[in-house]
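**Student:** Just lifted these from TrEMBL, have a look:
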type	residues	note
DOMAIN	19-240	domain 'Acyltransferase 3'
TRANSMEM	12-34	transmembrane segment
TRANSMEM	54-71	transmembrane segment
TRANSMEM	78-97	transmembrane segment
TRANSMEM	109-129	transmembrane segment
TRANSMEM	141-160	transmembrane segment
TRANSMEM	166-185	transmembrane segment
TRANSMEM	197-216	transmembrane segment
TRANSMEM	222-243	transmembrane segment
Amino acid sequence: MALLLLFKVISFTSFLNLDLWAWFFGQITIFQYYTPNLLRNFGVGTPNGSLWTIPVELEFYILLPVFFLFLKHISIKVKFIALFLFSAMFNFLWTSACESGESILDKLIEISIFPYLYAFLFGGLMFLNWSKIKWFIEGKICYWFLIYGLYCYFADALPGYHLDDWTTLLANLLLGILTISAAFSKISLGKVLHGNDISYGIYIYHMLVINVFVQMKFVGNISYLLMALIITVCIAIISWVFIEKKALSLKYKL
């Protein structure tokens, strides 16, 4: 809110607009995906676009146990594979049927777990079979980075939320393997940061920083990208030290 006032996207008279209060309500609940037109002039068009994933995350916790309950007589691996195929096919069909993405139905699907469930389950399958597959993932980040880069180059594919074809699906899965390999590399961020977890802070604040840079016309130069990254990491560290770490410590006192 302070940034919106600072960059004159809104004024104090804007607080008389019910759309602004509806947006504020969404930010403090689970409707972060809602952005009224009066805020579309800030940055890339939404104040903190990364927060749209919060309702999707909550759906994973709520709906996945329900799915498994209905499939309780099927083995865990078959459940994962069946739901993986369903989600991937759902995404393919949704992407091919979705033309503008502006309809209410498209927006509701976009914040549901169905188009993204396959990625979650792919990670779950890796976890279930970790003892069998870890030998070609742990400490192999350089190999997977090379495989991922070569695939994206020669297949002319990039990862994305919408599965236009199987090349996008494979790019997403390879990116997932690369990420997990990085987490289990010898020089992992966990060792560098000595147990300080700034991942959530980066997730929460990175779009705020990017929007400020866009608003200030700091675009089109790699130096701006590096500056945005450094500032985001600094904010994430401050958030971890003064907010998140203290908040997490309360669970041991309750």
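The backbone N, Cα and C atoms fix where each Cβ goes, glycine too.
For the listed features, I'd like the structural context: burial, neighbours, distances.
**Tutor:** Sequence-distant neighbours of the transmembrane segment (12-34) (same chain, 6+ residues past either end, Cβ-Cβ under 8 Å): 1, 5, 48, 51-52, 54-55, 58, 107, 110-111.
Within the chain, the transmembrane segment (109-129) has long-range Cβ neighbours (under 8 A, six or more residues past its boundaries) at 33, 52, 55-56, 59-60, 63-64, 76-77, 80-81, 83-88, 90-91, 94, 98, 101, 137, 161-163, 169, 172-173, 176-177, 180.
Same-chain residues lying 6 or more positions outside the transmembrane segment (141-160) and placing a CB less than 8 Å from one of its CB atoms are 167-168, 170-172, 174-175, 177-178, 181-182, 185.
Distant neighbours of the transmembrane segment (166-185): 88, 118-119, 122-123, 126, 134, 137-141, 144-145, 147-148, 151-152, 155-160; these residues of the same chain sit at least 6 beyond its ends, with a Cβ under 8 Å from one of its Cβ atoms.
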**Student:** Restricting to the domain 'Acyltransferase 3' (19-240), report the mean pLDDT as a whole number.
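**Tutor:** Per the prediction, mean pLDDT sits at 89 for the domain 'Acyltransferase 3' (19-240).
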